[in-house]
Amino acid sequence: MNKLIVSLLLTLGVTGVAFAAEGPLKGDATAGQAKAAVCGACHGPDGNSPAPNFPKLAGQGERYLTKQMHDIKDGKRTVLEMTGLLTNLSDQDLADIAAYFASQKGSVGAADPKLVEKGQALFRGGKLAEDQPIGGMPACKACHIPDGGGLAAAGFPHLSGQHAQYTAKQLKDFREKVRYIDGDAGNKMMTDIAAKLSDKDIEALSSYIQGLH
């Protein structure tokens, strides 16, 4: 599992170097606040969405946010509620919006006490493959760190406090390859991981993440 994660980090690192060579745009959080006004209807003015089906964006890593917006704008990732909303935004607009939400503080959620033990075990220890010595699910903390803060520089998202309903849907979409981008190393890793999760696993893990801080 560690070799898989190291390999992914190296791949993402190469991608980052290639992107840097093209001249990545530096986001302006102040400019981004005004540009993000339309986002507030679903995600909340400061990125703390009040609706459990819309993700909290506050405190999310700039690299991750920028990539997701580009993927949605370019048609690589389908989010029906976002259809057409990014079409007329420039790369600088997206960078500024990402910088604004990244500068905000995410709100804290609560986990279902009955699901904490199982969710914590999956997040911190992963899941062994049934009847196999290898091939299980690596611990979520390996990429998203123990407190769920993520690794912003590597593009691994901040998870702590995220709505359980949203997280569960994303894990199921990864598992069913509804959220799938061919050739995307990070996306492939998540589809492989989610394929090893049952509905009960996803319920417990999503609840635990919601209460993580």
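Each residue, glycine too, has its Cβ placed from N, Cα and C.
Listed in TrEMBL for this protein:
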- 1-20: signal peptide (SIGNAL)
- 27-105: domain 'Cytochrome c' (DOMAIN)
- Cys39, Cys42, His43, Met82: heme c 1 binding site (BINDING)
- 114-213: domain 'Cytochrome c' (DOMAIN)
- Cys140, Cys143, His144, Met190: heme c 2 binding site (BINDING)
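For the recorded heme c 1 site, residues Cys39, Cys42, His43, Met82 set the reference point as the centre of their Cβ atoms, and the other residues of that chain within 8 Å of it by Cβ are Val38, Gly40, Ala41, Ser49, Phe54, Leu57, Glu81, Leu85. Closest in space to Cys140 (heme c 2 binding site), of the binding-site residues given as Cys39, Cys42, His43, Met82, is His43, taking the CA atom of each residue. Note: the heme c 2 site is recorded as Cys140, Cys143, His144, Met190; in the same chain, Lys141, Ala142, Phe156, Pro157, Leu159, Ile193 also have Cβ atoms within 8 Å of that site's Cβ centroid.
Note: the Cα of His43 (heme c 1 binding site) and the Cα of Cys143 (heme c 2 binding site) are spaced 25 Å from each other. If you measure from the Cα atom of His144 (heme c 2 binding site) to that of Cys39 (heme c 1 binding site), you get 25 Å. Over the domain 'Cytochrome c' (114-213), the average per-residue pLDDT in this prediction is 93. Distances between the Cα of Met190 (heme c 2 binding site) and those of the binding-site residues Cys39, Cys42, Met82 are shortest for Met82.
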